[in-house]
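The structure appears right after this line, and notes come after that.
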Amino acid sequence: MQFSEELLTLKDQVRFDKSFKVGKYDKIVIAGMGGSGIAGRIFSEIYDEKPVFLVDDYDIPSFVDDKTEFIAISYSGNTEETISASEEAAKKHANVHAITSGGSLSKMGFDTIIIPSGLQPRSSIGYLLMPLVNTFIKPKIGDVDEAYRLLSETDKDNEEEKSIASEIYNGEHIPVIYGSRPFRAIAYRWKTQFNENAKVLAYSNYFSELNHNDTMPLKDTYRKDEFYFLVFRSDDSRFSKRITVTEKITGNSFRMVDVRGSSLLAKLFYLIHFGDYLTYHLAELRGVDPQDVSLIEKLKKEIA
């Protein structure tokens, strides 16, 4: 399947209705790396009823116990760090679940949701995220339908994304993505999509944290003209004011990205898909294969 075809699957992924059965728990721990791990990052920002802790390493926190819902996410099912963390969680009697397309993780005896194979992990964000949303948030049918509609529209018209990609390419810019709650993880997702799809370095941060660090170099950093600032528009007046003032006092020009949708679910997936198409178009302009992750695979083999 070509990457352009993978993009077209996201709208159907938001209708993936699988969920886990959970018992009494007082915390959630989600383990995942790379394209699989981003689902946990996004979920942790939109769910606040119980503490959510993310694991992107071999080891798990000491507080994991029998009141922990532990979700291991690995698209391939063979991610070394995630398998190690899952084994540790099981030893500590956590309620371990898994989201995977197969591999070793699917054979470990955990409560497992099997998702379709044949995609890049980062192109499976709906399959990886929706089981978490369905289990712990339980979205309204109308919210899912709205997300489906917006994604369908983006599939048909992504000229804005193509235009931004052209500006970045023609100026040989380094993308800098700024978000704010509840889209901080989406800003990071864009950063990683620039990395993997377009094969360019990128940087992400979020308001208002960046006003306590990034603000200083924004005005006078060297090679300032090489950066291209992409900022998610916020309907929170506190963040909106910070964005406006930051742009003004640092003398930068922010390329504002509107967030379409009325429900949070629709907004999240709209921004995800916007970034997917933007980085896909940049990959095309650069003449690189957005599906190629050969260096990452080579690294895995070297350290195995």
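Keep in mind that glycine also has a Cβ here, set from the backbone N, Cα and C atoms.
Annotation source Swiss-Prot lists active site, proton acceptor at Glu196 (among others). Its Cβ taken as reference, Glu196 (active site, proton acceptor) is surrounded by 20 other Cβ atoms within 10 Å in the chains shown.
Neighbour count (other Cβ atoms within 10 Å of the Cβ, all protein chains): 8 for His212 (active site, proton donor). DSSP assigns His212 (active site, proton donor) to a helix. Residues or ranges marked as active site, proton donor by Swiss-Prot on the basis of similarity to another entry: His212.
In the three-state DSSP assignment, the secondary structure recorded for Lys300 (active site, proton acceptor) is helix. A simple way to gauge crowding: the CB of Lys300 (active site, proton acceptor) has 13 other CB atoms within 10 angstroms, across all the protein chains here. Annotation source Swiss-Prot lists active site, proton acceptor at Lys300 (among others).
Swiss-Prot lists Gly35, Ser36, Ser74, Ser76, Thr79, Arg122, His212, Lys300 with the feature D-fructose 6-phosphate binding site, giving similarity to another entry as the kind of evidence. Within 10 Å of the Cβ of Arg122 (D-fructose 6-phosphate binding site) there are 25 other Cβ atoms, across all protein chains.
Among the features that Swiss-Prot reports, domain 'SIS' is placed at 16-147.
On the 0 to 100 pLDDT scale, the domain 'SIS' (16-147) averages 97 in this prediction. Cβ neighbours of Ser74 (D-fructose 6-phosphate binding site) (same chain, under 8 Å, six or more residues apart in sequence): Gly32, Met33, Ser36, Thr82, Ile83, Ala98, Ile99, Thr100, Gly103, Leu105.
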